[in-house]
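According to TrEMBL, the features are:
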- B:50-356: domain 'AB hydrolase-1' (DOMAIN)
- B:Ser155: active site, nucleophile (ACT_SITE)
- B:Arg225, B:Asp354: substrate binding site (BINDING)
- B:Asp320: active site (ACT_SITE)
- B:Arg322: site 'Important for acyl-CoA specificity' (SITE)
- B:His353: active site (ACT_SITE)
Protein chains: 2
Amino acid sequence: MSTYPEDSVGLVAPQQLEFDTPLELACGRTLERYTLMVETYGELNADASNAVLICHALTGHHHVAGFYEGDRKPGWWDSAVGPGKPIDTNKFFVVGLNNLGGCHGSSGPQEINPATGEPFGPDFPLMTVPDWVESQARLADRLGVQQWAAVIGGSLGGMQALEWSIRFPERLRHCVVIASAPKLSAQNIAFNEVARQAISKDPAFHDGHYYAQGDVPKTGLMLARMVGHITYLSDDGMREKFGREMKAGKLSFDFNPQFEVESYLQYQGERFSTAFDANTYLLMTKALDYFDPAAEYGDDLATALQRAQAKFMIISFSTDWRFSPERSREIVDALVKADQSVCYAEVDSPQGHDAFLIPIPRYMDTFRAYMQRIADDIPRSTTGDV
Amino acid sequence: MSTYPEDSVGLVAPQQLEFDTPLELACGRTLERYTLMVETYGELNADASNAVLICHALTGHHHVAGFYEGDRKPGWWDSAVGPGKPIDTNKFFVVGLNNLGGCHGSSGPQEINPATGEPFGPDFPLMTVPDWVESQARLADRLGVQQWAAVIGGSLGGMQALEWSIRFPERLRHCVVIASAPKLSAQNIAFNEVARQAISKDPAFHDGHYYAQGDVPKTGLMLARMVGHITYLSDDGMREKFGREMKAGKLSFDFNPQFEVESYLQYQGERFSTAFDANTYLLMTKALDYFDPAAEYGDDLATALQRAQAKFMIISFSTDWRFSPERSREIVDALVKADQSVCYAEVDSPQGHDAFLIPIPRYMDTFRAYMQRIADDIPRSTTGDV
């Protein structure tokens, strides 16, 4: 039996929850029934007022923290979730899930389509952030959580948190939006489209029905990940990390990787290509593209956010050029205009967009302080075991 | 017969020049003989002191200005080259060429390898910026140009101009380096590597021997161009040009292009995939990666530039993030440290890296003023027909 660090939630296990109330989607289709893969840490208090929802980003999932049996690598946000960590599992009941359309156990393209007996593949309905939030609200019902202490997310996860505040104003007390944006820019969409073209034009994609062919569009996924990875890092960060370091120490005149950065990207791309589902990647990038909560409010984000009742914490990172601090300030400005309570922190960091996953001291301290304030807000009379 | 604008060089025609003095390359191999495709505008004066060399960027060529019979589109830098334009063909003898390894008529991967009777393909030697400059010096000899009035280039072309100033200090009076950098950053290399992987992993690439297969790695070239194109534009410029405009005016839940920017990139990518040679694209990106003139001078650019005898004009563009103004300032700082004569202009423009090809008034005015100064420097006693 392994021992785990003291500030780890330790050994964890996910659970699959089945839902059979039909879910009407933005695309006009309906999921008659669906599965959500969920993981929780900490204890829900007596009146279910200490629950925190963690929404995941493009390639994330329910395994947020702790270890699976035999794993040496913990969940994707283990740096922020655990006993004594910013999202303190001694205080909060923390819920992670894999979103619908995902490839980590929730209903998605890999699931068998009852109508055909084959995997849905590209016939799985395209999802939107509002669809996910709706499914997360039903998850909250199932868990007995009428109101989240906080909904928290980075990047695409932050978009879900923002959507929660608009769609279910009375169901969250705090909304934490990290390294996110109120909608994608043309450049963001363009990079997504390169990734989609790389995947869908890979002959091994078979129009999305590669499962039946026993094939995987590895090249497409590799390219998608390489492009994505560049946009997650900053120019400065890459300079610090790789510079022009050469693998062989000197120039070689062939097409083998010459510089360290080439090998690194190839390795990242190849690893990803065997670990992630191509149809899910396409679906997730489309959900990013579609997100635009201001659209149904006359393109005015402040009007959309006037509905919110939560308090907001917005965090951005100085060298993030995927969702730059400017994009976070758009959210802050809209919140101020909507007369909402908002804290904003712009964290100085060389790590680009990736910074939101990295335990940068100033980031962690700020985050911890805000989470402490949320913990202090939990109604005293109702804290379970005090 | 067509009529051409008054400030156009009008109808032009290229010429193929054959060279049979072996050219030793940085990679250790030798080109026994080679062809350069060249185009010239204006008249060389009596003592050949008014010649200007234009070096091209990644996908450029010898057709810099004017029109080919029947074409409606002029050469790639027609905005800057012509009678009365910044590079004034009434004053200068202007020379454009396709670099070795190119796919527009100079020796390159498409040429038949005498050893095999098949196109060289990936067996064409990899080229470096110094190799190109060496071949350009031989072109100068052939044209009877002992000293260029100026060597001028944007992007990869600017690197060639810079290399000229170090390698043949006495053979140019002015060096104009536009939207360039003293070497690629890790991020630059990373984007190049994505393009190379896209091309070389395309099944139609056939390890570079696609000519014999009658095949073209169109998908790879399309992806390479899409990625490249994003890095040529700025985030702001894309926002201005495309925003989140939708093709159908509303969301559609499928994988057809949803936003204008997606169609635009696909169109650009597809057009490019039938117009450019894949092996040449690989070779050109490697030449970019390799460029690092400071390397043989203890990694100190100022030491390298101490050799130069030319006067320098460096121009950058505010929203260029491929080769940002910061990169141009590195060159300027090294020139100042090397006690060289340098003018520097940072032009405010939303067009990103592409700006160097666009006749932005402040850019053209600055460029024109500097070129006038170069024209004024042409030894008086020797101007041809005065």
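Keep in mind that glycine also has a Cβ here, set from the backbone N, Cα and C atoms.
Annotations in TrEMBL come from automatic prediction, not curation.
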One should report the C-alpha separation between B:Arg322 (site 'Important for acyl-CoA specificity') and B:Asp354 (substrate binding site), rounded to whole angstrom, as 10
To which of the recorded positions B:Asp320, B:Asp354 does the lowest count of other Cβ atoms within 10 Å belong?
-> B:Asp354
Would you mind sorting out which of B:Ser155, B:Arg225, B:Asp320 (the recorded positions) have a C-alpha within 10 A of the one on B:His353 (active site)?
-> B:Ser155, B:Asp320
Rounded to the nearest Å, what's the C-alpha distance separating B:Asp320 (active site) and B:Arg225 (substrate binding site)? Just drop the number here, would you?
-> 17
Averaged over the domain 'AB hydrolase-1' (B:50-356), what pLDDT does the prediction give?
-> 97
Could you find out if DSSP has B:Arg225 (substrate binding site) as helix, strand or coil?
-> helix
Around the Cβ of the residue listed as 'active site, nucleophile', other Cβ atoms found within 10 Å total 26
Number of other Cβ atoms within 10 Å of the Cβ of B:His353 (active site) across all protein chains = 25
Within 10 angstroms of the C-beta of B:Arg322 (site 'Important for acyl-CoA specificity'), the count of other C-beta atoms across all shown chains comes to 24
Cα of B:Asp354 (substrate binding site) to Cα of B:Ser155 (active site, nucleophile), in Å and rounded, measures 10
